[in-house]
Amino acid sequence: MDERKKVIFSGIQPSGNLTIGNYLGALKNWVKLQDEYDCYFCVVDLHAITVRQTPADLRKRTLEVLAIYIGAGIDPEKNTLFIQSHVPAHSECSWLLGCNTYMGELSRMTQYKDKSQKFGDSIGSALFNYPVLMASDILLYNTDLVPVGKDQKQHLELTRDIANRFNNTYSETFKIPEPYIPKAGAKIMSLQEPEKKMSKSDENPNSYILIMDPPDVIRKKVSRAVTDTVGKINYSDEQPGIKNLINILSSIKGITPEEITADYSDKGYAQLKSDVAETIIEELSPLQEKIKNLLADKNYLESIYKTGAEKANYTANKILRKVQKKIGLVPR
Ligand code: TYM
């Protein structure tokens, strides 16, 4: 008989153009897991506005991220694809969970600490509360598994703490979600400063490869990637630039770093870089084609996000009502 599938929830912010970090850390795994799970994939626009966005760009990028989900191979017939702000339960639940979250917990989030260093006193309060909204996203769907890159692990742990606390205070309500973090693509690093995560908001475009970068740009960026003076291809923390290139290759090809270093024992950095560039191009070219076609069909994208929002609203509202009732809010 049709046993009920376990649930996956994940999302990406439309706060910039997506990079191969987003693809290898998250999206590629969503594609792999979609048949086994009941999946909710969300474009988290409310998270993106924790940093000021130009309205027209935000609208454009939100649709681009949706097109990238589909172009990367997420089947919109089988999965629920939607835009976060189209499901008001996320914001509502975020308030309720915020009433059960400590300042201490939120101040310990490394992503917040990094951002507050950058913005100082004028850091927005939403950046502080950001992980509570993320917890709402996840908990509103009785999520079992959250496929994300390593940088989101701490937010996942907080989500689990918030859920456990709520369950202990008000009786069993939320399912406790597990993270799913890939081995090879968990943390793709900047090509220019390989000690730093590759990020779509980096000021230096040579530090990242975008999913939509054309082949010649990919070749140029990879050839300029910072390496070292060791001159031998090892998978080692002492050679973070080379290690990052090996991780990219390993993640796309599905082979281990050890197999790669064995393959390259008598080859140089130039060869590795050229192979990495061609591997990325081969992986992304078919996606880029599909994404471009999807973006030309706004009506189709609209039909996907509208259908998705309907389904997501239905599921999320059921859990939200339960939460409101347990807290003692008078039923409407
Ligand atoms: P965001 O938009 O920063 O990134 C989206 C996904 O990409 C992963 N990722 C990376 N993985 C490997 N290497 C990198 N350099 C790299 N950069 C980004 C992230 O880990 C993430 O999986 N808070 C989340 C969005 C979010 C969310 C959620 C995720 C909101 N609600 C609920 C899961 C469940 C974020 O900022 O991701």
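Cβ coordinates are placed from backbone N, Cα and C, and glycine is handled just like the others.
Those TrEMBL annotations? Automatic predictions, nothing curated.
Contacts of Met198 (ATP binding site) defined by a Cβ separation under 8 A and a same-chain sequence distance of 6+ are given as Thr19, Ile20, Gly21, Ile188, Met189, Ser190, Leu191, Ser207, Tyr208, Ile209, in order along the sequence. Among the features that TrEMBL reports, ATP binding site is placed at Gln13, Pro14, Ser15, Gly21, Asn22, Gly149, Lys150, Asp151, Ile188, Lys197, Met198, Ser199, Lys200, Ser201.
There are 27 other Cβ atoms within 10 Å of the Cβ belonging to Asp137 (L-tryptophan binding site). Under the heading L-tryptophan binding site, TrEMBL lists Asp137.
Beyond the ends of the motif ''HIGH' region' (14-22), by six or more residues, the same chain brings 43-45, 47-48, 51, 53, 58, 61-62, 64-65, 68, 149, 185, 187-188, 197-201, 208-212, 248, 280, 284 to within a C-beta distance below 8 angstroms of the stretch. The feature motif ''HIGH' region' is assigned by TrEMBL to 14-22.
Long-range contacts of the motif ''KMSKS' region' (197-201) within the same chain, counting only residues at least 6 positions beyond its ends with a Cβ under 8 Å from a Cβ of the stretch, are 15-22, 51, 151, 187-191, 207-210. As annotated by TrEMBL, motif ''KMSKS' region' applies to 197-201.
Sequence-distant neighbours of Ser15 (ATP binding site) (same chain, six or more apart, CB under 8 Å from its CB) are His47, Ala48, Val51, Gln53, Arg61, Lys200, Ser201, listed in sequence order.
Put simply, Asp137 (L-tryptophan binding site) is 18 Å from Asn22 (ATP binding site) when counted between their Cα atoms.
Helix first, then strand, then coil: DSSP counts for the motif ''HIGH' region' (14-22) stand at 3 helix, 1 strand, 5 coil. Summarising the environment of Lys200 (ATP binding site), the number of other Cβ atoms within 10 Å of its Cβ, over all protein chains shown, is 18. If you draw a 10 Å sphere around the CB of Ile188 (ATP binding site), it holds 26 other CB atoms from the protein chains shown. Of the residues the record lists as binding ATP, namely Gln13, Pro14, Ser15, Gly21, Asn22, Gly149, Lys150, Asp151, Ile188, Lys197, Met198, Ser199, Lys200, Ser201, the two whose Cα atoms sit farthest apart are 19 Å from each other.
Mean pLDDT for the motif ''KMSKS' region' (197-201) in this predicted model: 92.
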